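The structure appears right after this line, and notes come after that.
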Amino acid sequence: MPILHYLHQLQNCAKHRSIVSTKQLHAHFIKLGVTQFLALSNTLLNVYGKCSLLQDALQLFDEMPQRDHVSWATFLTTQNQANLPDKTLSIFPAMFSIDRLLPDDFVFASLVKACGSLGAIKQGKQVHGNFLVSPYFDDDVVKSSLVDMYAKCGLPDDSRLVFDSIKLKNMASWTAIIYGYARKGRKEEALELFVRVPLKNLFAWTALISGLIQSGNGVDAFGLFVKMRRQGISIIDPLVLSSIVGASANLAMLELGKQVHGLVIQLGYESCVFISNALVDMYAKCSDMSAARGVFSRMSRRDVVSWTSIIVGAAQHGQAEEALSLYDNMILNGVEPNEVTFVGLIYACSHVGLVNRGRELFKSMVEDYGIHPSLQHYTCLLDLLGRSGHLEEAESVINLMPFKPDEPTWAALLSACKQYRNAKMAIKFADHLFSLKPEEPSTYILLSNTYASSGLWEHASKARHLLESLEVRKEPGYSYIYFGKENQMFYAGETSHPMKDEIFGLLNELDVEMRRRGYVPDTSYILHNTDHQEKERQLFWHSERLAVAYGLLKSVPGTVIRIVKNLRVCGDCHTVLKLISDIVQREIVVRDAKRYHHFKGGKCSCNDFW
DNA sequence: CCCAATGTAC
């Protein structure tokens, strides 16, 4: 049977993703006049999808003289596989309106998957409803897709309802439900189900581990990863590694990240683009830009994520020129930038006050690449304009843009007003900020100082008053320091550390030298309303200073001191860290809640804007 | 002949 023979050949093409053979076969079918056999065209459609030949798939589908359920299911799947779930949903209505066909189980599964990828819960529930009243209402595959959809939409309880209705639970449904709970940080339930999985394969482990990482439980995830390795699960698919690399990045644990990198090399996955992308990002987040550049330069193939990762990394570490020249290289290499790339680029410009270049990039993003600017893009642009003193222009951008600025954006503009002594504008911005009912204590300090400097004492005291009635920081400040295999955590005001005396002695010594150089503690950053001396004492015990002192005492001389802080560095600590970096001639890198600071020789890479 | 599970940059 020649048709069966051709089907077999096509399946081979799909397996090996052989584009040339597929096109040859297609030409052959046309010549033989066998394209009216639906099975043949449908399979061909499938192969085009698998080979990522979207244009060919679309043309074939469009030109098919008749289409059946299989044609539709296959075509919708090509859209899902090409990461175009919105297309899946927008094309589907034509199934009825043009071909008079109702969805079958295969089509339902594709639609549900598309809703899950989009997080489109409203449409997802509609599809679910239609599925329940269809003849396929009991299909287990569609049900496992539904479990996955609710998991991806962050509704594990809805997942569970569907999951419990599945008679014969397959691995996909187990994986999906575990992922759903893990992703929401519901560890107990995720683990409880994991214990019950009949086959604990790599998929199940990956779902559990990556879900936990996405909910910020990186430490638990690492524990499980080690357990998985010990149980001899072989990593035949590198996806779990990208999650684990990402967890090292989130925790900013450089040593851990290096170990994971070693494992990646050992398992032979360094040549995998998305793994290397994750490594570049990890080194950047761990503030080791030279390692990030190393991985990036060794990559034989780089996609838009690779370039964007290194650009954003350079931008966040204050290396604006590097970010911009990387962008030029990216364009020369024929890689098209996307919305994330431009966030990094405009951010880079704002760091060094390259106003014209930033404006050009913003314009180019819209005009050359057709990207609709998001609030984040406007925030970067406003930051750029504010920092460089173009306050009127910033105001007109605010009036023209289709978003309302958020609290940090108003705060950044307000700081810019202070810097450029524009009291009139400051009051305007402050009023907007005030009406947002800010939650960040430092915002009240900024507000109060702004009003006070303009003689608006009543407003100033109102802001101070609100601040004092505000619950003092829900989260206590802490800093981590890592070097070698050691890591230590310091809380603000901590006085029980075994090396407390040495730390206190060193900080005192440094304090004397700093004051000799003209340092005066800026106590306006202290929230409690206590006397001046007490405020100075509190500043003295801020966690980043304890961590730096510990680092100076214990780390190898000359090495970079790396610190991760949960909150933002206060203005006084920023001054102090600059001074310390100069006094002891050491580079200090602090990753705070907002950005990176490289203190070196009395200067900071953030250019004192943060 | 077609459907379901794990992933990287803001």
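Glycine is treated like the rest: Cβ placed from N, Cα and C.
All annotation found in TrEMBL is predicted automatically rather than curated by experts.
According to TrEMBL, the domain 'DYW' annotation covers A:518-610. Remark: secondary structure over the domain 'DYW' (A:518-610) totals 37 helix, 16 strand, 40 coil, with classes taken from DSSP.
The repeat 'PPR' feature in TrEMBL is assigned to A:170-200 (among others). Panel annotation: around the repeat 'PPR' (A:170-200), residues 140-141, 143-144, 147-148, 150-152, 154-156, 159-160, 163, 207-212, 214-217, 220, 231, 233 of the same chain, lying at least six beyond its termini, place a Cβ under 8 Å from a Cβ of the stretch.
Taken from TrEMBL, the feature repeat 'PPR' applies to A:201-235 (among others). Secondary structure by DSSP for the repeat 'PPR' (A:201-235): 26 helix, 0 strand, 9 coil.
Marked as repeat 'PPR' by TrEMBL: A:303-337 (among others). Helix, strand and coil counts under DSSP for the repeat 'PPR' (A:303-337) come to 26 helix, 0 strand, 9 coil.
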Spatial neighbours of the repeat 'PPR' (A:303-337) far in sequence, C-beta under 8 Å, 6+ residues away: 273-274, 276-277, 280-281, 283-285, 287, 289, 292-293, 296, 343-345, 347-349, 351-352, 354, 357, 365, 369, 595-596, 598, 605-607
Secondary structure content, the repeat 'PPR' (A:170-200) (per DSSP, counts of residues): 23 helix, 0 strand, 8 coil
